[in-house]
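Quick look at what Swiss-Prot annotates:
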ACT_SITE  324  active site
BINDING   153, 156, 175, 178  Zn(2+) 1 binding site
BINDING   170, 172, 197, 202  Zn(2+) 2 binding site
BINDING   271, 274, 279, 284  Zn(2+) 4 binding site
BINDING   311, 314, 329, 332  Zn(2+) 5 binding site
BINDING   337, 340, 347, 354  Zn(2+) 6 binding site
COILED    387-410  coiled coil
COILED    452-503  coiled coil
REGION    149-358  region 'TRIAD supradomain'
ZN_FING   153-202  zinc finger
ZN_FING   222-284  zinc finger
ZN_FING   311-340  zinc finger
């Protein structure tokens, strides 16, 4: 009997901590996570930062491998690889299944009249077709017509000898000068691998070696090769250009997911999957929709533009000059939340209500105008918080700059060294990382369907937001904050952040 009572009491005591314990203090698989960083860090991502020369070598190896198998020129090999995301295996398999269809799909040869003879679509037949084109995808008219016989160019209407004409697999023949002018015009417009035949309604692709044979000006040749290289990299799913200004680094990873890559040269961070600013936990498609909506809704800028609000107690105008949303009126010393203007003393228990949008349960029965107003109200709720955290990141950077100046003065006066004060900059860096994640939770919540999963997300979002504001408050008052207290707050905030990402970051989306 007594043992049963004791077990019940233990169970009840455990229940008091269910909310926090279940989400943040399970300690499950701790040993595994220490050994496997992928389990411990939801943002863990293996990648390499490579130079242009490194990537050229990598791509050339793929080209040479395909050349050996199919016995074609590097020019045609690049076309086939470009169309199949640089997957040699896929190209060879399709070549063996239906080589003719492969060449048509890659725009190396034009669609022909349907054939019933299966031999005509075999690899041998396709190879013979390529051999007739010199294995390159183009030929001079002189190869089929005596060089001394003249013909008329359908573009410039000039009559020239046959060796001055070039044609693709489609058979459309044009003089050398017209091809050259056409190529340079296309290159000037930024087109390279997608240059097609000059003939109307013909989409046969011009191979690289024909372009480089006829375009002799070094400037145009360099431009063509630069544009072609960009096309090759963009078509390769495991490669991504660093979006940093004037940066030449290319990131390579076999894990094609929406993880953060940081360039080793310019230190730009971005999403590897889409190349945009890193946006976890929101996936690539949703963030594109959100940013498009933000750009289109111009009235939002006017709504959000004000940097001032009135104190809810004494009504004096207050300007927000820091990143923390825990505000204290300089006049009456009233503590309140910048976002909802609620009393900060009770705000800790009500943070869930502050960050959470309350839908109108009867909205489906309302008029179109009421529904439109409700939709705008919902959007502004999320946008205001999204924009506020963006501004807070900038304001907190200003706080760090002021902090650096104060610490420099202390160091100059003999009050410790820079190493002694490094913990403050570590705290500021963690705060920026946490707030950045929090900012991108709002587009995620905006498009999330109502239900238990959204309720859980908003709960974790509110917990993260509360701990971020606590950390920001302590950093802004760093000189009076206990080191142990600050480090404890850093640990709590990071745990909230990683827990949310583990539960909701759609890395495979």
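In case you wondered, yes, glycine gets a Cβ from its N, Cα and C as well.
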- [ ] Under 8 Å Cβ to Cβ from residue 156 (Zn(2+) 1 binding site), same chain, six or more residues apart: give me those in sequence order, or none if nothing qualifies.
- [x] 175, 177, 178
- [ ] Out of the binding-site residues 197, 271, 279, 284, give me the one sitting nearest to residue 347 (Zn(2+) 6 binding site) by CA distance.
- [x] 279
Task: DSSP helix/strand/coil residue counts for the zinc finger (153-202) - done: 16 helix, 11 strand, 23 coil
Task: residue 337 (Zn(2+) 6 binding site) versus the residue listed as 'active site' - Cα distance in angstrom - done: 9
Task: Nonlocal neighbours by CB distance (under 8 Å) for residue 274 (Zn(2+) 4 binding site), same chain, sequence gap 6 or more - done: 258, 284, 287, 288
- [ ] Pop the Cα-Cα gap between residue 337 (Zn(2+) 6 binding site) and residue 329 (Zn(2+) 5 binding site) into the table, whole Å please.
- [x] 11
TODO: Using the recorded Zn(2+) 1 site (153, 156, 175, 178) as reference, state which further residues of the same chain have their Cβ within 8 Å of the centre of those residues' Cβ atoms, listed in sequence order.
DONE: 154, 155, 157, 158, 160, 174, 176, 177, 179
Open item on the list: For 197, 271, 340, listed as binding-site residues, tell me which one has the smallest number of other Cβ atoms within 10 Å.
Closed with: 340
Open item on the list: Quick check on the binding-site residues: of 153, 202, 329, whose CB has the lowest count of neighbouring CB atoms inside 10 Å?
Closed with: 202
